[in-house]
Structures are given as C-alpha cells and as structure tokens.
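Peer 1: Below are the features I grabbed from Swiss-Prot:
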type	residues	note
BINDING	HIS17, HIS19, LYS103, ASP251	Zn(2+) 1 binding site
BINDING	HIS19, LEU20, ARG21, ASN45, HIS140, LEU223, HIS255, ALA267	substrate binding site
MOD_RES	LYS103	N6-carboxylysine
BINDING	LYS103, HIS140, HIS178	Zn(2+) 2 binding site
ACT_SITE	ASP251	active site
Amino acid sequence: MTAPSQVLKIRRPDDWHVHLRDGDMLKTVVPYTSEIYGRAIVMPNLASPITTVDAAIAYRQRILDAVPAGHDFTPLMTCYLTDSLDADELERGFHEGVFTAAKLYPANATTNSSHGVTSVDAIMPVLERMEKLGMPLLVHGEVTHADVDIFDREARFIDTVMEPLRQRLTALKVVFEHITTKDAAQYVRDGSDNLAATITPQHLMFNRNDMLVGGIRPHLYCLPILKRNIHQQALRDLVASGFTRAFLGTDSAPHSRHRKETRCGCAGCFNAPSALGSYAAVFEEMNALAHFEAFCSLNGPQFYGLPVNTGWVELVRDEQQIPENIALADDSLVPFLAGETVRWSVKK
C-alpha cells in the first residue's frame with residue numbers, strides 16, 4: 001500500500017457483510033456497494049429468507065440486474081439456516097458455487113430473523129456437514145433470552161453457544177460477525193485459525209453515549225447495539241494491531257426514514273456510502289494506516305480461500321459532506337453520518 005499524506009491506494013476491498021434488501025430498496029442501495037467493492041457477502045434475511053439454491057440464484061440475479069454498467073461486482077450468496085433446513089440442499093448450493101457460506105441467526109435476534117435457529121442442537125447435522133465441506137458459518141452472536149440484558153447478549157453468547165459449538169466442531173470455519181465487545185475481541189484473538197471476525201465502522205467510531213446522550217440518535221441504532229467505550233476501544237485496538245483474522249464487514253443495513261424515525265424504530269445503519277472512508281479515518285486516528293489495506297482487502301480473501309481482487313481503489317483526503325437524505329421511491333434513506341463532514345472519500 002502506498003500512503004502519501006493526501007492519498008491512500010489499496011487493493012480493491014470486499015465487504016464481508018452487507019444487507020442489500022430487495023425491490024426498490026435493492027435498486028437504490030446496490031450501486032453504493034458495487035461501485036467500491038469487488039465482492040460482498042450478501043445477507044439472506046429477506047422477508048422470505050433465502051433457504052434454497054433456486055431462491056439464492058434468483059436473488060443473485062436481482063442484485064446483478066441492479067448493478068450499474070461499468071461496475072465490476074460479484075455478490076457472494078449465503079444460506080439462511082433454519083431448524084428444518086435440508087443439509088443436502090445446502091451442500092448442493094455450496095458445490096454449485098451458489099452458496100459461499102451459511103448464516104446463523106438466533107431466532108428473533110435482528111431484522112427478519114423470526115425464522116432463525118431456536119437451538120444449535122436443532123441444526124447440528126447441518127453444521128457437521130458444513131464442517132466436512134469446509135463451508136464457513138457466519139454467526140450473529142447474540143442470545144435472545146428475555147432475561148438477558150441487551151448489552152450482555154454477545155458476551156453471554158460466547159459462553160453458552162459459541163464456545164460449546166466450537167469445542168464440538170473443532171474444524172468448522174466460523175466468522176463471528178459484527179463483534180462489539182472486548183469479550184468478543186479477546187475471544188477471536190485467542191481463537192484458532194478457523195475463527196475470524198468482521199467489524200463495522202459504527203462500532204469502531206462510536207459507543208452507546210454517542211447514541212443516547214443529549215437525545216436518541218436512531219440512525220446509530222443497530223444490532224448488536226453500540227456498547228460502552230471500553231468495548232469500542234478494544235475493537236480499535238484489535239484492528240490497529242494488524243490482527244489478520246479481523247476484516248471489513250460494514251453490516252450496511254438500510255431502512256426507510258419512516259421505519260427508523262418512529263416510536264418503534266428498526267435496527268440498522270445504512271453506511272455503504274461512507275464506510276470505506278470511515279474505516280480510513282479510524283485507522284488514521286490509531287496511527288495504523290499500515291494495516292488498513294489488509295483489513296479491507298487481504299484478510300477476508302485469505303480466510304475465505306479466495307483470490308485478492310486485481311483492481312485498486314484510491315481514497316483522497318478531501319473533506320466532503322454526507323447527504324442528509326437519499327431518495328427512495330415514496331420515502332427516503334438517511335445514510336450513516338448524514339449531514340456530517342468526512343475526511344476521507346473514495347476517488348471517483
């Protein structure tokens with residue numbers, strides 16, 4: 001990577017966790033991802049979740065149809081795990097190159113997760129098949145028991161679900177997605193080579209005070225929820241150390257303005273327009289720009305066993321203001337950092 005004071009040039013990055021939705025929303029948000037990233041791991045939690053090969057093929061085509069001419073972008077599809085999922089269907093999708101990975105949502109942990117897994121035991125035959133195939137398991141790592149405080153869900157998940165699972169299936173490749181706590185950072189750091197993590201820009205930039213002090217900021221509300229600053233710092237320390245099993249996963253999760261700014265607002269930050277520059281700002285603040293390219297462009301392919309992208313992306317130190325709104329059919333989207341000035345932006 002070359003890093004003059006005003007320009008950062010890196011291999012074209014990938015986004016290892018993104019929500020592209022469907023319909024008009026998909027058509028609106030896809031270009032923000034396809035313009036910058038070579039590949040993206042696409043989450044399967046649509047209103048009708050992606051649980052079959054045919055559904056994944058059809059969804060992939062809808063995504064590709066929304067990619068503007070001139071964008072070189074490959075969506076990597078995932079299978080939504082359910083208690084009743086057919087392991088043979090999953091294996092077929094993996095062998096045919098349709099499914100890159102499978103996603104474990106604990107039931108009711110986040111948006112459109114009501115079809116999710118009620119217990120790991122219920123899907124153990126599927127997980128055993130994945131271990132045998134070398135197929136990565138992507139995990140939303142939170143318990144959803146009513147008696148567990150929302151700020152403790154991730155740490156409790158490690159103790160009660162993640163560690164027993166990994167003890168039982170020691171060769172299973174696992175991505176602990178969008179980690180938010182010092183517990184998770186330490187757990188991944190101490191783990192074996194088949195355990196990795198994605199980290200979002202919002203969890204590196206902000207903590208729960210930013211969301212709650214001086215008024216509630218609904219566009220910082222996501223799941224897992226922002227934690228206290230000691231957890232934010234642990235995530236920053238992890239990426240600044242050059243740890244190679246942590247990589248870029250924006251968890252960009254768009255919702256229309258009226259679904260965010262309401263008495264019961266949805267969780268998710270639409271950060272695709274500004275995520276790469278946000279990561280750059282964090283790495284710069286941490287004096288860790290030497291590790292920026294690896295986090296964005298190298299660590300993910302290494303874990304997934306995929307080639308590094310051949311193209312390049314340049315970020316320039318050019319202060320720009322993030323728009324307040326992005327038009328969406330009969331509504332609008334409020335992007336992450338709306339109205340704020342950012343230091344780094346992708347050169348067009």
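Every residue, even glycine, has its Cβ placed from backbone N, Cα and C.
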Peer 1: Distance check, please: Cα of ARG21 (substrate binding site) against Cα of LYS103 (Zn(2+) 1 binding site), rounded to an integer number of angstrom.
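Peer 2: So the Cα of LYS103 (Zn(2+) 1 binding site) lies 16 Å away from that of ARG21 (substrate binding site).
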Peer 1: When a 10 Å sphere is centred on the Cβ of LYS103 (Zn(2+) 1 binding site), how many other Cβ atoms does it contain?
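Peer 2: A count of 27.
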Peer 1: Between HIS17 (Zn(2+) 1 binding site) and HIS178 (Zn(2+) 2 binding site), how far is it from one CA atom to the other, in Å?
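Peer 2: The separation of the Cα atoms works out to 8 Å.
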Peer 1: Other than HIS17, HIS19, LYS103, ASP251 themselves, what residues in this chain have Cβ atoms within 8 Å of the centroid of the Zn(2+) 1 site's Cβ atoms?
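Peer 2: Counting only non-site residues, the set is VAL18, ILE41, VAL42, MET43, ASN45, LEU138, GLU177, HIS178, GLY249, ALA253.
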Peer 1: Just checking: which of HIS19, LYS103, HIS178 have a Cα that is within 10 Å of the Cα of LEU223 (substrate binding site), counting only these binding-site residues?
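Peer 2: If one measures from the Cα of LEU223 (substrate binding site), the binding-site residues that come within 10 Å are HIS178.
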Peer 1: Please state whether DSSP places LEU223 (substrate binding site) in a helix, a strand or coil.
Peer 2: coil
Peer 1: Given LEU20 (substrate binding site) and LYS103 (Zn(2+) 1 binding site), what distance in Å do their CA atoms have, once rounded to a whole number?
Peer 2: 15
Peer 1: Can you tell which of the binding-site residues HIS19, LYS103, HIS178 lies nearest to HIS255 (substrate binding site) in space, using Cα positions?
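Peer 2: Comparing Cα positions, the candidate nearest HIS255 (substrate binding site) turns out to be HIS19.
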Peer 1: Counting every protein chain present, what is the number of Cβ atoms, excluding its own, within 10 Å of the Cβ of ARG21 (substrate binding site)?
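Peer 2: There are 23 of them.
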Peer 1: Taking the Cβ of ASP251 (Zn(2+) 1 binding site) as the centre, count every other Cβ atom within 10 Å, in any protein chain shown.
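Peer 2: Taking every protein chain into account, the count is 27.
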Peer 1: How long is the line from the C-alpha of LYS103 (Zn(2+) 1 binding site) to the C-alpha of HIS140 (substrate binding site), rounded to the nearest angstrom?
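Peer 2: If we compare the Cα positions of LYS103 (Zn(2+) 1 binding site) and HIS140 (substrate binding site), the gap is 8 Å.
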Peer 1: What Cα-Cα separation, expressed in whole Å, is found between HIS140 (substrate binding site) and HIS178 (Zn(2+) 2 binding site)?
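Peer 2: That separation, Cα to Cα, works out to 8 Å.
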Peer 1: Among the binding-site residues listed here (LEU20, LEU223, ALA267), identify the one with the smallest other-Cβ count within 10 Å.
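Peer 2: Across LEU20, LEU223, ALA267, these binding-site residues, the one with fewest Cβ atoms within 10 Å is ALA267.
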Peer 1: Given the binding-site residues ASN45, HIS178, ALA267, which lie close to HIS19 (Zn(2+) 1 binding site), meaning Cα to Cα within 10 A?
Peer 2: ASN45
